[in-house]
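Below you'll find the structure, written out as structure tokens, and then a few comments.
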């Protein structure tokens, strides 16, 4: 596409092409207000993620075959909030001119954008697959080593980088007629149409495919968990009353936690990421619809609420993590800890998925 006066003739902007970094936001008040709120979200997310990491470090026994995935999510979210989102805020709050013609800074911005968003999607897909393993191969899952979760995340990172690095390196070094005329481009790929096609494919394979697996799998996963809960309930009715009461409370709580965690994860992923994915496709296609860049910036900032919601959901369903965080925070404040909570109790063993 040639960047000339006919780029988007139906738009009334101060410049000819809405994808030039010099182009102002058409809804500046919306962007500035959202960015101001995002500052509070980022700051709160960093503090919460750091506290979770400190708690894991203080109590390594909290790390089990499932919680290792939540630990990895926490690390990804922390890196996103501490490194990428401040650059995004700089652009949204009037710093876009810093990126004009600065290929190095623009490259860092693009790399962080693709890597953080892609790894968030892939890591949640890994958690979904982990739930399937717990349901379909429960005996093996009880003996699954913790390093299995670490290796899964590293493989996911390698998968994402294999798709994106060719795009990133080519985007940085490529010299084309379009790139020469559009030295201020930073929100889209600088190159000919064949590279833009690869960009669409890479986005599908690193973001849309993992999220698609997540959305499609969770309803079936919920059905399997619900069915297993019914089987457990029937089996308990055939056991002596005392033994039944002991197992009933634990298994019911565990089943309810699994169902609620799955429901929350499904709802959060659909509600927060789907709007961003739609706007990302429109941006990559250089849509001439009005307010495309403005809405894209807003829906991404909307999706960053997951930086807070992910750890909150984890804490809701992790009694031991909440207990240890409470003890640590009370110690920091110099307040006495309840006698009942001074002894560390690991009620969720390696056999527990939560």
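Placement of Cβ uses the backbone N, Cα and C atoms for every residue, glycine included.
Caution: TrEMBL annotation is automatic and unverified by curators.
Keep in mind the model is a prediction, meaning the values are calculated, not measured.
Taken from TrEMBL, the feature domain 'G-protein coupled receptors family 1 profile' covers 48-314.
For 30-50 (among others), the entry in TrEMBL reads transmembrane segment.
According to TrEMBL, the transmembrane segment annotation covers 62-84 (among others). The list of residues near the transmembrane segment (62-84) in space but at least 6 beyond its ends in sequence, with Cβ under 8 angstroms from a Cβ of it, reads 42, 45-46, 49-50, 52-53, 55-56, 112-113, 116, 119-120, 123-124, 126-127, 130, 134, 141, 144-146, 148-150, 152-153, 304, 306-307, 310-311, 314, 318, 320-321, 324, 346, 348-350, 352-354.
Same-chain residues lying 6 or more positions outside the transmembrane segment (111-134) and placing a CB less than 8 Å from one of its CB atoms are 65-66, 69-70, 72-73, 76-77, 79-80, 83-84, 87-88, 140-141, 144, 149, 152-153, 156-157, 159-161, 164, 167-168, 206-207, 210-211, 213-214, 217-218, 221, 258, 262, 265, 269, 273, 306, 353. Feature annotation from TrEMBL assigns transmembrane segment to 111-134 (among others).
The list of residues near the transmembrane segment (146-165) in space but at least 6 beyond its ends in sequence, with Cβ under 8 angstroms from a Cβ of it, reads 63-66, 68-69, 72, 111, 114-115, 118-119, 122-123, 125-126, 129-130, 202, 205-206. Residues or ranges marked as transmembrane segment in TrEMBL: 146-165 (among others).
Taken from TrEMBL, the feature transmembrane segment applies to 200-221 (among others).
Sequence-distant contacts of the transmembrane segment (259-278) (same chain, at least 6 residues past either end, Cβ-Cβ under 8 Å): 121, 124, 127-128, 131, 207-208, 211, 214-215, 218-219, 221-222, 225-226, 229, 296, 299-300, 302-303, 305-306, 309-310, 313, 316-317, 354. Look at TrEMBL and you will find 259-278 (among others) tagged as transmembrane segment.
Beyond the ends of the transmembrane segment (298-319), by six or more residues, the same chain brings 27, 30-31, 34-35, 37-38, 41-42, 44-45, 48-49, 52, 67, 70, 73-74, 77, 80-81, 85, 88, 92, 120, 257, 260-261, 264-265, 268, 272-273, 275-276, 279, 325, 347-348, 354 to within a C-beta distance below 8 angstroms of the stretch. Look at TrEMBL and you will find 298-319 (among others) tagged as transmembrane segment.
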